[in-house]
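As given in TrEMBL:
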DOMAIN    7-124  domain 'Response regulatory'
DOMAIN    139-233  domain 'HTH LytTR-type'
MOD_RES   ASP61  4-aspartylphosphate
Amino acid sequence: MCEDMLNIAIVEDSEASAKRLTEFLERFSEESKETLQYMHFTGIEPFLESYHFQFDIVFLDIELPDGNGMEAAKKLREKDPLVVLIFITHLMQYAVNGYEVDALDYIVKPLRYPTFALKMKRAIRECGHVREDEVMLELKEYSIRLSVSSIKYIEIYKHHIIYHTENGDYETYGVLRQIEKLLPEKEFFRLGSSYIVNFRHIERITGQYVTVDGKELPVSRLRRQEFLEACHKYYMGRTLR
């Protein structure tokens, strides 16, 4: 995934509906000047098995023959809480439970372009909001999208970067300066040469250490005063919200 291109998945067993959606996407791309890339899956299992956070928007048919679309949506949300999800359905009542999986919208068949274009515009606006709150990591075999708020702390050793998150640890390569640019300045703080901490996940501050997820992280003596001031500003900001 890249910032100037939207990657879209179509999970739809009907070749006719999938063809119509791709035609709509091509027309929308031409009219809106948005760069779109899309991939079609005929079933739930192939889609979920190949899913590695590579899509911005997913069009999901609720009534697929190889499984329940709502259950598939729940599995998708377990993998990726941020991807924009739009249901495709014959009957509106199938889409009313979309709030359970944070679906943005739904499209009722037969598909019509004016309705589709409105949904796409809304989805693109939502993608903009999502991208402000996420970072993309290039791992060895695939890319992964992380919610900024899920990052507890980041550990740096030479050029190895380990993101410790609510969903596990992810290792990649980079330099400290680049990592800092990716993160919201008001929410993260570099403790020294080895750690960047998310204020949201700090459990305790004692002496020269902060505790995150039960682990004590050292605060550089030269950065301690600045850290305490930034920490105070962060928590004051949360109190005033």
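Each residue, glycine too, has its Cβ placed from N, Cα and C.
What you see is a predicted model, and the numbers here were worked out from it, not measured in a lab.
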May I ask which residues of the same chain, at least 6 positions away in sequence, place their Cβ under 8 angstroms from the Cβ of ASP61 (4-aspartylphosphate)? VAL11, GLU12, ASP13, SER14, SER17, GLY69, PHE87, ILE88, THR89
Helix, strand and coil residue totals from DSSP for the domain 'Response regulatory' (7-124) stand at 58 helix, 26 strand, 34 coil
Counting by DSSP, what is the helix, strand and coil composition of the domain 'HTH LytTR-type' (139-233)? 23 helix, 44 strand, 28 coil
